[in-house]
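K.L.:
Sharing the record's features from TrEMBL:
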| type | residues | note |
| --- | --- | --- |
| ACT_SITE | A:R280 | active site, proton acceptor |
| BINDING | A:11-16, A:32-47, A:D215, A:E377, A:393-394 | FAD binding site |
| BINDING | A:H236, A:S248, A:H346, A:R388 | substrate binding site |
| DOMAIN | A:6-394 | domain 'FAD-dependent oxidoreductase 2 FAD-binding' |
| MOD_RES | A:H40 | tele-8alpha-FAD histidine |
Amino acid sequence: MYQKFDVVIVGSGGAGLMAAMQLPNASVAVLTKVYPTRSHTGAAQGGVAAALGNQEEDHWKWHMYDTVKGGDYLVDQPAAEILTREAIDAVYELEHRGLPFNRTEDGRIDQRRFGGHTRNYGEGPVRRSCYAADRTGHMILQTMYQNAIKNEVRFFNEFLVLDLLVNDGQACGVVALEIRTGEIHTFHAKAILFATGGYGRAWRVTSNAFACMGDGMSIAYRRGVPLQDMEMYQFHPTGIYKVGVLLSEAARGEGGKLLNGKGEYFMERYMPTLKDLAPRDIVSRCIVQEIKDGNGVDGKDYVYLDVRHLGAEKIAEKLPDITDFARNYLGVEPITEPVPIQPTAHYAMGGIPTDTDARVVIDSQWTPMPGFYAAGEVACVSVHGANRLGTNSLVDLIVFGRRAGKHMAQFIQENDFAPLPEHPEDASREYIDHLYSSTGGESAARIRSELQNEMIDNVFVERTDKGLRHALDEIAGLQEAYQNVQLQDKGKTFNTELVEAVELRFLLDCSEATIHGALARTESRGAHFRLDYEKRDDVNWLKHTLAYRGTQAHDVRLDYKDVILIEDPIFKPKERKY
Amino acid sequence: MNILVRIKRYDPERDAKPYWDEFRVDVEPIDRLLDTLNTIKWTMDGTLTYRRSCAHGVCGSDAMRINGRNRLACKVLMRDVGKKVTIEPMLGYSVIKDLVIDMDRFFDKYRSIKPYLITHDNEPGTERLQSPEQRAIYDEGTKCILCGACTGSCPSIWGNPDWVGPASIVNAHRFIFDSRDQGGAERLNLLSNKDGVWRCRTIFNCADACPRNIPVTDLIEQVKRAIVYGGPEEA
């Protein structure tokens, strides 16, 4: 079926819906492969940072400094300035739209501490995270969806986007599979926003939903758009042991501490100033180091998160959901027992390269692809650099989702519909038909499981040349095996086996780009830690990776673009200590 | 441990009517029921169809009827289901395929109660003020993840599918009792009819079904009282 809209937004999380809010006078379609309120924004727990100064003195420039330093100086600094300045107004916008923030005694938005957020350029922790209990993302998602209903935004629920349509260098639509009927649809648009989130499901242990398969990144990559800084993937320190479900950094923001098998609060030893509130890349490495030193619990591969000293009342009031997770999935009572945790795959700092108006840029010269936008985790602006600070993902969604919406509003005024390419659905139909008709006997579930194990074994917190090469060979083999994936379900109606097979290809693409970036980057920076190159190397590597897809896993082409720094000496790259 | 999993199956392209299918699965006691469904789908029968996403009880995708009660499959552990577990699509919805139900009507009802902040005043330059006490009054309703478990557990819905249902009323409550909102009277008016709050017979199935532990029936009663007394009572 053919449909036409001024703007098509793919993804109904915080970024997509925030963009939709900015387009009251346009025809807008939001396509989501789930229902909007199932989007993974809803799983964000801790808060959204903005220098409101409601609890103590704070300034956006301090927030910017923390963001740049937290990102180990791979952050484009003008983008970080926009992020932190506009965060303030964007948080007020959320409040005006109804978001039920926790409140201070005098009725203002309450704020709490979070990892890596400091006062006066690193002096000590600051209360900057605006929050709604430990379900801030849920509240953002609900509030944005409620406003979308108010604005009568048109939703296409349970539509899986398969392809981006590009004609003569201009984006002009998408092709999507309606999951309920198996029908293929073409959506013709002047502007397309990808807000499809991350790809945490590439790892066996992850905080991410089953939906986080790298859809948007892979689709863009297959249309010749490079993926930027994919080696910069965040492993959150406190995932529930084996399950991966996140226990928010808010637990440490409220005073929780990490405890090793010897009963030691070990972060004090590594990071004397910020201790347990050091940024996530550092805390995850410390946990891995403790485990390697034999300090895991009972010599195993986990340590504890300890919140016992906070007391039952504070835990119930400030951390109800994560307490529930520990009880439910581990049978552990956090009020009286420490909770077993391990690092868990959490967030892609990298993604589709964009400028600060969320326009997708396709090379090292910042050339935009007209009509194509990306925002949120799928995009790389780059405000997170080599390591994102806690709460800055939600800031990214609302600030750059909003900027995307505003820029698209202008773009659709100034531009007409670009014609669709001839036979726009052909590639997608051929691909889907192949999956239906294949008799290769291969199982998508097996391939996915091998991929997830390989990524945990060799593309995790610590990396080496040898391990990464092993992973690359493995991916090449899995991509070959993918050609033989065979479905048991041949039906058209709600074929989730088909959906999972399509998503597996997304995951394989994202993993391929991640490994190439990691293999080439012979330094350690932020979340990318190489055991064979332990030092950061600003002379050679203060630059962004751009990975272009080749014909197979081994022939990805890499290019680089400079990190944008500003004149102010306070932001000059220096050694990162906390 | 080895468990017998009975699942009510239905594929509109193949089956004239639903039937019971059975699988024997090896599971760990701390596996989620969702893990068990995945094991079946990924290693035994790829046609088994259900929704899921976050897998830890916050997205609301995998509400289903498990041993006769509406639960999220990702919040039920195998050690708690016994040697045999029976899984069906939730009642009160039409079935699309296997455990997948049609949620469109559910969301239409949600939309009908104007689930968004209604204000007539100009917005201030910073945040609107709200005391922690005012915030606490409507806290419970903000936990709702729109999974539909409450609505699908309600005999009043089974008997009358047009009824607005508990989830919508919970979300109306969330705004009616929000001190910043000015649309309370409008919503109370919408809910004061036979397909509004009054079809609730205080059966409490909804509160039992809620995976977020929202006291659904209490909130419905508060809305009823607000209709009778002409507005939300001060806490």
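Counting starts with 1 at the first residue shown.
Backbone N, Cα and C atoms are what each Cβ position is placed from, and that goes for glycine too.
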K.L.:
Find, for the listed binding-site residues A:G11, A:G42, A:G46, the residue with the lowest Cβ contact count at a 10 Å cut-off, counting only other Cβ atoms.
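P.N.:
With the binding-site residues A:G11, A:G42, A:G46, fewest surrounding Cβ atoms within 10 Å: A:G42.
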K.L.:
Which has the fewest other Cβ atoms within 10 Å: A:A15, A:V34, the binding-site residues listed?
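P.N.:
Ranked by other Cβ atoms within 10 Å, the binding-site residues A:A15, A:V34 bottom out at A:V34.
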K.L.:
Of the recorded positions A:H236, A:S248, A:R280, A:H346, A:R388, which one has its Cα closest to the Cα of A:V34 (FAD binding site)?
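P.N.:
Out of the listed candidates, the nearest Cα belongs to A:H346.
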K.L.:
For chain B, which of the recorded positions A:G11, A:A15, A:R38, A:H236, A:S248, A:R280 fall under 8 Å by Cβ?
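P.N.:
Qualifying residues, whose Cβ lies under 8 Å from chain B: A:R38.
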K.L.:
With DSSP assignments reduced to helix, strand and coil, which class does A:H346 (substrate binding site) get?
P.N.:
strand
K.L.:
Using the centroid of the Cβ atoms of A:H236, A:S248, A:H346, A:R388 as reference, list every other same-chain residue with Cβ within 8 Å of it (recorded substrate site), in sequence order.
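P.N.:
Here the nearby residues are A:S207, A:Q234, A:L246, A:E249, A:R280, A:Y347, A:G390, A:S393.
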K.L.:
Please list residues from the chain of A:H346 (substrate binding site) whose Cβ is under 8 angstroms from its Cβ, counting only those at least six apart in sequence.
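P.N.:
Long-range Cβ contacts: A:G200, A:T206, A:S207, A:N208, A:Q234, A:F235, A:H236, A:G239, A:L246, A:R280.
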K.L.:
Which of the listed binding-site residues (A:H236, A:R388) has the least company, meaning the fewest other Cβ atoms within 10 Å of its Cβ?
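P.N.:
Relative to the other binding-site residues in A:H236, A:R388, A:H236 has the fewest Cβ atoms within 10 Å.
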K.L.:
Please determine which of the recorded positions listed here (A:R38, A:R280) has the lowest count of neighbouring CB atoms within 10 Å.
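P.N.:
With the recorded positions A:R38, A:R280, fewest surrounding Cβ atoms within 10 Å: A:R280.
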K.L.:
What does DSSP call A:V34 (FAD binding site) in the simple three-state scheme?
P.N.:
coil
K.L.:
In which DSSP state, out of helix, strand and coil, do we find A:R280 (active site, proton acceptor)?
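P.N.:
The residue in question, A:R280 (active site, proton acceptor), is helix (DSSP, three-state).
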K.L.:
Return the residues near A:H40 (tele-8alpha-FAD histidine) by Cβ distance under 8 Å, restricted to its own chain and a separation of at least 6 in sequence.
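P.N.:
Listed in sequence order, they are A:G13, A:G197, A:G198, A:N208, A:A209, A:A211, A:C212.
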K.L.:
Which one is it: of the binding-site residues A:S248, A:S393, which Cβ has the fewest other Cβ atoms within 10 Å in this structure?
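P.N.:
It is A:S393 that, of the binding-site residues A:S248, A:S393, has the fewest other Cβ atoms within 10 Å.
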K.L.:
Reported as an integer number of Å, what is the Cα distance between A:A15 (FAD binding site) and A:R388 (substrate binding site)?
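P.N.:
One finds 17 Å between the Cα atoms of these residues.
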K.L.:
How many Å separate the Cα atoms of A:R388 (substrate binding site) and A:G46 (FAD binding site)?
P.N.:
14
